[in-house]
Amino acid sequence: MRIQQSALLLLLLAVTSQGDAESNWNDKIKVFTVATEPTDGYTRYIRSARVYDIEVTTLGLGEEWKGGDMQKPGGGFKLNLLREAIAPYKNEPETIILFTDSYDVIITTTLDEIFEKFKESGAKILFSAEKYCWPDKSLANDYPEVEGKASRFLNSGAFIGYAPQVFALLVDPIEDTADDQLYFTKIFLDETKRAKLGLKLDVQSRLFQNLHGAKNDVKLKVDLESNQGVLQNVDFMTTPSIIHGNGLSKVDLNAYGNYLARTFNGVCLLCQENLLDLEETNLPVISLALMVTQPVPFFDQFLEGIESLNYPKEKLHLLIYSNVAFHDDDIKSFVNKHAKEYATAKFALSTDELDERQGRQLALDKARLHQSDYIFFVDADAHIDDGEVLRELLRLNKQFVAPIFSKHKELWSNFWGALSEGGYYARSHDYVDIVKRELIGMFNVPHVTSIYLVKKTAFDAISFKHKEFDPDMAMCESLRNAGIFMYASNLRIFGHLVNADDFNTTVTRPDFYTLFSNEIDWTEKYIHPNYSLQLNESNKIQQPCPDVYWFQIVSDAFCDDLVAIMEAHNGWSDGSNNDNRLEGGYEAVPTRDIHMKQVGLERLYLKFLQMFVRPLQERAFTGYFHNPPRALMNFMVRYRPDEQPSLRPHHDSSTYTINIAMNRAGIDYQGGGCRFIRYNCSVTDTKKGWMLMHPGRLTHYHEGLLVTNGTRYIMISFIDP
């Protein structure tokens, strides 16, 4: 029994001693990286280390980069910095050196796990491995063979090893501009040196994952509740601890990085970090650049959104660029009205003959001239619905950040989640969830357009020139190449995109024609602001006469635009019984009118009846349901003393009729109104934008009262004839 107890005690002591030793090893891991500038990539790397309590020593910060062009072979400068930094540990066999790049690396686990994976490899020095032999492809056949889909070739972006061996690895001199990967490759391919130093490659990506050429080898697994992600190598079912976006894989790394290193924990943690505290007495100076590069509907509402910005205008330098003659007059009127409110206010119109690239460059140059802290680009298709958008973007404290805007009921938005091989749009795995706000946060994306805020530290990186790409795509490519992250936030709904497809500026009042493509904006502009209140059962419906209901339905803009459309068309009927627009060619109760079919608005008006008239009808006439409403006759009537001043008594060929007043009684005309003969009840004080709704045939025999002066317009529909 004592022997068993003694053996058990020895075993416990051994386990404890081993655990202490491993803990000591963990304490002696020294992590190094090289970064001469605190780029967005470096900030991300340091954050990923911090969340796993990893202390990193950064070499070269604030120094001039001497390693040559980062897009070409080079990087010996890194090794010279590292050699000097680890020299104090060269005789410490228990010290472990972990080196990684920083601008394109993310750490995803603790040092404990990193140490365990290194120990399991059996190497003295373990390098990351990749799919391509670079920079000297001729050396590929000299590498040892690997099995299956393993990565065969050394990558210098990350390695780990015992300090004496790592120092010995770096003992040979290298020029600052020589290639670090080639330096390590030649040592690895020397079998004698490889054996002496205990060099191995992490060919199955147990510790390190290089992404270039490995897109199909990895899968991002995201927990549906927390939104925390891990990157798995599906070929070997490993979960690498250090992810390196080498070569052309940086866009992929950015996409994965949105979920790695605890950026989420049910909510977006990244969105809560390093926020800017806005001091009202010292707010940043902003250049507000409005870009009008195509004809867009609801331009007046776009300008209203700009005016709604909750930011001191004396801190805003306004520039409006337009290459669209259709909008020039509105721009001039806006600037003339508001110029004195802004720090400066200028415009460049279509007559200045600047193309879009020149217009955007002009805005950026003006921002430099004004020494602005930021430039806020807003294209005319981006409608701001929340005036806090600028302040909220500033608080996120990024070099480049955009609110996510999308078209109503569409997946079309102002960002791309991924790129095709040619640099164009590709749909990312999370794009739909982000646009629908089923996933809420701030995301590093490869392309943004329409509305974005840029910090002055990124101004010099921006180029709008490109042989193939439009200015927005050129800008995004230049920012990607400079390592500046483009963040897109859907933390709040700040606005939306209007749909400018098929916007026809050749028709009168073209906004009116866009109900199907821009339902939100059309409703906001053309439906009465009190409309929805009338759908509440507690809201009492006005009845000026028995079973004649009175509703606020459309805005002044609806009335004015529709009257303008009709008058521009000018195809008023002659008021006789002969009417070739009707089947049979005969009108029993003729009026001077224009049918909606004549101005291309029949389909739109039927949709208007379904969306806005039908819900009111169902409130007024309980128990009658007919969806969609059917109306063969939708027309505007014009009454004038010298044309047709009144209308004789008649029944309408409808189940119910609507009559919308299109202008102002007592101001635009005198007299007029409608008399319901059976009830001897008249409505003469009609109100612009208000609708009378009454039964058609049988009960509501009525007449149009005499207009004595001016012109009266009404919009009539005979519904469900």
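Even glycines carry a Cβ here, placed using N, Cα and C.
Per Swiss-Prot, the feature signal peptide maps to 1-21; the stated evidence is sequence analysis.
Annotated N-linked glycosylation site per Swiss-Prot: N504 (among others), in sequence order, evidence recorded as sequence analysis. Packing around N504 (N-linked glycosylation site) is summarised by its Cβ count: 11 other Cβ atoms lie within 10 angstroms of its Cβ, all protein chains included.
Counting only residues at least six positions away in the same chain, the Cβ atoms of Q552 sit under 8 Å from the Cβ of N530 (N-linked glycosylation site). The feature N-linked glycosylation site is assigned by Swiss-Prot to N530 (among others).
Here Swiss-Prot flags N536 (among others) as N-linked glycosylation site. In the three-state DSSP scheme, N536 (N-linked glycosylation site) falls into the coil class.
Swiss-Prot lists 627-721 with the feature domain 'Fe2OG dioxygenase'.
Summarising the annotation, Swiss-Prot assigns Fe cation binding site to H650, D652, H702 and lists sequence analysis as the type of evidence. Secondary structure from DSSP puts H650 (Fe cation binding site) in a beta strand.
Annotation for N680 (N-linked glycosylation site): no spatial neighbours, criterion Cβ-Cβ under 8 Å with sequence separation of six or more. The feature N-linked glycosylation site is assigned by Swiss-Prot to N680 (among others), with sequence analysis given as support.
Around the Cβ of N709 (N-linked glycosylation site), the same chain contributes P641, Y669, Q670, G671, each under 8 angstroms and 6 or more positions distant in sequence. In the three-state DSSP assignment, the secondary structure recorded for N709 (N-linked glycosylation site) is strand. Look at Swiss-Prot and you will find N709 (among others) tagged as N-linked glycosylation site, backed by sequence analysis.
What Swiss-Prot lists as 2-oxoglutarate binding site is R712. Long-range neighbours of R712 (2-oxoglutarate binding site) (same chain, six or more residues apart, CB within less than 8 Å of its CB): R638, Y639, R640, N663, A665, D668, Y669, G671, G672.
Same-chain residues that are not part of H650, D652, H702 yet have a Cβ within 8 Å of the Cβ center of the Fe cation site turn out to be V589, P649, H651, T657, G696, H700, Y701, E703. Its Cβ taken as reference, H702 (Fe cation binding site) is surrounded by 27 other Cβ atoms within 10 Å in the chains shown. The two recorded residues, D652 (Fe cation binding site) and N536 (N-linked glycosylation site), show a Cα separation of 29 Å.
Distance between Cα atoms for N536 (N-linked glycosylation site) and H702 (Fe cation binding site): 30 Å, as a whole number. Across the fold, the C-alpha of N504 (N-linked glycosylation site) and the C-alpha of H702 (Fe cation binding site) stand 40 Å from each other.
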